[in-house]
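A short worksheet on the structure shown next.
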Amino acid sequence: MSRFHRIALPVFGLAMIAVLGGLSLMKGGFYGSLYDGDMLHLADIVLRMADGQMPHRDFMTPIGPLAFWPISGLVAAGQGIGLAMVGGQVAMALAILPLALWAAASRFAGWTGFAFLAATCLLPLALVQGGDVAGLSMSMHYNRWAWALAFVAVAVGVLPARREAPILDALAIGLPMAGLVLIKVTYVLALAPAIIVVLAARGDWRRLGAAVAVGIATLGAATAWLGLGFWEGYVTDLLAVANSPGRSYPGLPLGELLVAPGLIAGHALALLSVILLRRGGQRELGLGLLFALPGFVYVTWQNFGHDPVWFVLWGLVLWAALDTAGRRAAPGYIAVAMLALGVPIFSNYAVSPLRHHAEKPGDFRAVFAGTRHDDFVILADRMEQLDMSRAGERDFPEVFARMAEADSREGKPAILGGETLPTCKLSNALVGWFPAIVRDIERAVPEGDLRIFSADLLNPLWIYSDRIAPLEGGTPWHYDGLPGIENATHVFVPLCPSSLFVRSETLAALNARGDLHPVEVARNDLYILLRLDGSAQGAEPEIDDQRGTEGQAHRETRRGPTDPA
């Protein structure tokens, strides 16, 4: 590596983080405009962890704790959750930077090193979910963080070293892989085989052994801190989600994804490049990429949106492998094509901090108004326009008799105690829906502490009340079964849920249990509230559409004496 690159690469990486991260931080919070339900899920987990809870021990989730520690740590230190979301991203980018710098310097030459570094820095700093969707959101931010770590590990693992430093290489492979285990283990299972195959094919056992040792040592240190029970809970959560009928994959079936219009060209070019590499004498790299291809496809299939983030990495790896002009013809064209296919995703990432900085505060409303977390804001219409849709042929069978008889709608009707509930779906304004529901529940059950199990996808009710505790053993995002039901005092059954499938499956499981003895204590046009193992109490509920904040004292008082509340 030249003296220019030794200086320019770190300056370039730090400048990217300073400019893009600085622009995001200057806004003083997070301005979301899309996927508000997902961001409530994030807030639920972050506030639980800032309060001392641990994933897989105190609540169920398939996502590892490293996906939230950078954010929850800032919240625990007194920062509002909006700025903590942005600050957590900057912290992750800074943590990955040294590893990305080594990968860029030791595996790439010329412009490809800067391109690799830019892509790896953009991933943790972006403020969009991904793809070509421009809406600002922290939804599934952990997928971007995981891709950044995967970029480093795969690049160092499959490309031949331009500079010999086996220990640094081991760190650049082992640390990201350990990080991926603590964020989203899918990436490790999908991509580790490619790295192992390449290093084994080259006979590079020293590098492979050192990388494995680094990964094991890192996870061993995590085990010493978290305890063995953490891993038991993690595996249990992963298996529960893997076996969940509602979350085997979040989009297209695998067969359809392979030939999807936006992906088929990249898949075909990637396979062709493997053939050309093998025929061109780079058999080990070709073999490694052959193993990496199904791993990349699998991760893309598992991630919401099916963004082929790996197209850019594939193009850069392919170009870096072509170190002589005589081999640049066909593989070089493929590398450029793969990079071009990935440009829309990364241009969206790059522009998102600029778009975030340009947002007008008057168009947004605070999700947790009147608290120190009022720096998390969302577009007003996402807060104030409550959209519901009904299945007419099911709810009005006497009018639509022929359609009702066909009953071709996907999913079973929800049945509670022999009563078929309306087929209605809530599709907007979740951030306004939950606080209103909480205030109504508090009027319906005016005394006592509550631990509520929700027969819906999300369960952030506790965030808005000093009387509702987070459900021990529950789940911020429902996947399957009745997690935490043994610790619940009540069950909340929305008549217009955000997920009809989850409500139907949850009520089926509830009906099948004979030891819970649910008793209805409140009902109106929006929900039914059941008390477990108790007698019916409470007033006739009324729905309050005010956006007051008095019910949020629970969250604020649990944050320590420095909180403004």
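Backbone N, Cα and C define each Cβ position, glycine as well.
Nobody curates TrEMBL annotations by hand; they come from automatic prediction.
Per TrEMBL, transmembrane segment is recorded for 7-26, 59-77, 84-105, 111-130, 142-161, 181-201, 208-231, 257-277, 284-302, 308-325, 332-351. The region 'Disordered' annotation in TrEMBL covers 538-565. The compositional bias 'Basic and acidic residues' annotation in TrEMBL covers 544-565.
Listed as Cβ neighbours of the transmembrane segment (142-161) (distance under 8 Å, sequence separation of 6 or more from its ends, same chain) are residues 63, 67-68, 92-93, 96, 99-100, 102-103, 106-108, 116, 119-121, 123-124, 126, 130, 169, 172-173, 176-177, 179-180, 183-184, 187, 191, 194-195, 198-199, 202, 211, 285, 288-289, 292, 299, 303-304, 309-310, 313, 316-317, 320-321, 349. Outside the transmembrane segment (59-77), and at least 6 residues removed from its termini, the chain residues within Cβ reach (under 8 Å) are 42, 45-51, 53, 83-85, 87-89, 91-92, 95, 141-142, 145-146, 179, 181-185, 226, 234, 237-238, 240-241, 470-477, 479, 483-484, 559. Below 8 A, the CB atoms of the transmembrane segment (181-201) and the transmembrane segment (332-351) form no more than two pairs separated by six or more positions in the chain, fewer than 3 in all. Beyond the ends of the transmembrane segment (111-130), by six or more residues, the same chain brings 5, 8-9, 12-13, 16-17, 20-21, 24, 30, 34-35, 38, 86, 89-90, 92-93, 96-97, 100-101, 103-105, 136-140, 143-145, 147-148, 151-152, 155, 304-305, 307, 309, 312-313, 316, 319-320, 339, 345-346, 348-350, 352-353, 355-356 to within a C-beta distance below 8 angstroms of the stretch.
Among residues of the same chain six or more beyond the transmembrane segment (284-302), those with a C-beta under 8 A of the stretch's C-beta atoms are 150, 154, 157-160, 186-187, 190-191, 193-195, 197-198, 201-202, 249-252, 254, 257-258, 263, 267, 270-271, 273-278, 308-310, 314, 317, 321. Counting same-chain residues at least six beyond the ends of the transmembrane segment (84-105), those with a Cβ under 8 angstroms from any Cβ of the stretch are 1, 5-6, 9-10, 13-14, 17, 21, 24-25, 27, 29-30, 42, 46, 70-75, 113-114, 116-117, 120-121, 124-125, 127, 138, 141, 145, 148-149, 151-152, 155-156, 163, 168-169, 171-172, 175-176, 376.
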